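Novice: There's a structure below that I have some questions on.
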Amino acid sequence: MRAALVAVAALLWVALHAAAWVNDVSPKMYVQFGEERVQRFLGNESHKDHFKLLEKDHNSLLVGARNIVYNISLRDLTEFTEQRIEWHSSGAHRELCYLKGKSEDDCQNYIRVLAKIDDDRVLICGTNAYKPLCRHYALKDGDYVVEKEYEGRGLCPFDPDHNSTAIYSEGQLYSATVADFSGTDPLIYRGPLRTERSDLKQLNAPNFVNTMEYNDFIFFFFRETAVEYINCGKAIYSRVARVCKHDKGGPHQFGDRWTSFLKSRLNCSVPGDYPFYFNEIQSTSDIIEGNYGGQVEKLIYGVFTTPVNSIGGSAVCAFSMKSILESFDGPFKEQETMNSNWLAVPSLKVPEPRPGQCVNDSRTLPDVSVNFVKSHTLMDEAVPAFFTRPILIRISLQYRFTKIAVDQQVRTPDGKAYDVLFIGTDDGKVIKALNSASFDSSDTVDSVVIEELQVLPPGVPVKNLYVVRMDGDDSKLVVVSDDEILAIKLHRCGSDKITNCRECVSLQDPYCAWDNVELKCTAVGSPDWSAGKRRFIQNISLGEHKACGGRPQTEIVASPVPTQPTTKSSGDPVHSIHQAEFEPEIDNEIVIGVDDSNVIPNTLAEINHAGSKLPSSQEKLPIYTAETLTIAIVTSCLGALVVGFISGFLFSRRCRGEDYTDMPFPDQRHQLNRLTEAGLNADSPYLPPCANNKAAINLVLNVPPKNANGKNANSSAENKPIQKVKKTYI
């Protein structure tokens, strides 16, 4: 019994701790958009465009696509057709592409790189039917004219789906891509400098996700096969690498190689004795500057996932630029022999000047420093997460995180500021979240998921996100897939479902506050927002305010958002190639859920964007949290254990029989009689004979005596003479 209780207690402890880790933070609001609420740009509707956001130019976006660069207005996502740039591959290049085994869709010119050289000139690079080319265009008389054309190998990928990045800084293009048709020669390039060819210690099958400049450095974020783990198996780690802007290459034979290339691991993990790692970086934000726990820091937010053959896990981690720079000033990591462990290099073995640093002229560096940095590009210390743990974790078999965009330091009426995170998934969703403890602490995480928005059709991944800040309340989030570009508002504070102060404050949305004068939920763009907390009620940290009359008493939960709507709206002037399989049954659906563990659940039917109530099309399903299910399971186990123990005890008492004394062997009977009062005789050392009513057995022969007929009881029925057996031997 004791062992069983110990086992159940251990099960309870493990279940509660597991539930505490895997319990996803529930969104406060679910939103599914209809046609009237979404601005959409479709581009080429007959073929896949492979849209890629390339540049923001004042109030327009430059988007790379199939044979075209679109210039799209940020106001309404309409195209400035007079500024469109078309660039098709030549017939000879397409024929050569076909001979290499590629399809017609592959053998097009997908624009992947664009950089503004000055106000009237741009640099554009495209895949050009798997033979990359670059061009300089100049704006003359309202039209773009080609100034020059040159090979784009090392600047642009061959495949439009390849994970490549590029940035233009101080008149130089820095690219991270592949330099061959098969994609087996990855490189970080700025002519004429590149990383080492076929050196797994520098780049080992990388997937680049972002490039940015900071001070005198260019930073590259990517994931790759970990060379330091290769003796134990195969694993993918997330990396941040840097090069110096003014690196001129090394002396002599190192003239076309980086002398400042270093890389570190990014550590996004759930802390503990055995941390759980999210090893594969998918996207990063730009550098965000803000106030965190009273300190001004510059952060980068990143999206990380588990491997595709692991559990479906995604996380968002933040890293400070200070920690990244410190990791590059720390010890190097090396493997002395092929079978040795990767260990930190002792400081006495590091030459002077320290390898990897930015110098005035890298061509004057001694050979020992250049050789050292060539073979010791990996740093020993990983870059830790800023808040000591992930800001948001999602464990889901339905989707993984793909992209992130951040609206930095959104001000609230009480003077605080929060970074609002917009996270795209591979299932067409956008999750809006924040760390409500970020203003008060730099080492605490209190995750809040404000909204979960089904922006794209289910199964269509979000390829890019971009926050557009405009005057007034016209700011928006641009969502990009391969085939369409959409723009949505950053908030839904004015929804007619938010009817009172408690519901507005419980959203914990920095964009929204309750207006005590107008008695409605007001957005951040309100002209009176500067009145502050004297007029507006908001509490991002707790999600409740005493001015609202206490804690909310009910939870407003709508039916599950349909994932495969089948009805198709009519009269829509534009249609996506996915539109036939994804048309919402209602124009707009918003579901508000107050996240409170002590509330009484209630339901609310779907409401369209005009505010009219519609009957619910689905039966409302109860919602159970992980804690509730865990408690129910453990309680059932304990109950079953107690009932089983009591039943077994009663059954054993009922079925217990009388003592069995008629044993077949005399020594066993003597042993029992010796222990009884009648058989005990202290004066005699011998056991008294026991009475036996049965006939005596001859112990010598072990047979009973003959019967009345003179025959032994065990003898055969007839006594016949024994005949000799005749044997014949052959």
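The backbone N, Cα and C atoms fix where each Cβ goes, and this holds for glycine too.
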Novice: According to the record in Swiss-Prot, which candidate from C521, C548 pairs with C504 in a disulphide?
Specialist: C521
Novice: Of C232, C317, C358, which cysteine does Swiss-Prot list as the disulfide partner of C268?
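Specialist: It is C317, per the disulfide annotation in Swiss-Prot.
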Novice: Can you tell me the three-state DSSP label for C97 (disulfide bond)?
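Specialist: The three-state answer is helix.
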Novice: So what's the average pLDDT for the topological domain 'Cytoplasmic' (652-730)?
Specialist: 51
Novice: Just to verify: the residue among N163, N360 with the fewest other Cβ atoms within 10 Å, which of the glycosylation sites is it?
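Specialist: Result for the glycosylation sites N163, N360: minimum number of other Cβ atoms within 10 Å at N360.
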Novice: In this structure, which of the disulfide-bonded residues C244, C268, C358, C504 has the fewest other Cβ atoms within 10 Å of its Cβ?
Specialist: C358
Novice: Under 8 Å Cβ-Cβ from C107 (disulfide bond), six or more apart in the same chain: what's there?
Specialist: S89, H93, R94, C97, Y98, A129, Y130
Novice: List only the single closest residue to C134 (disulfide bond), chosen from the recorded positions N267, C268, N360 by CA-CA distance.
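Specialist: Nearest candidate: N360.
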Novice: Determine, using Cα-Cα distances only, which of these recorded positions is closest to C125 (disulfide bond): N267, C358, C493.
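Specialist: The answer is C358.
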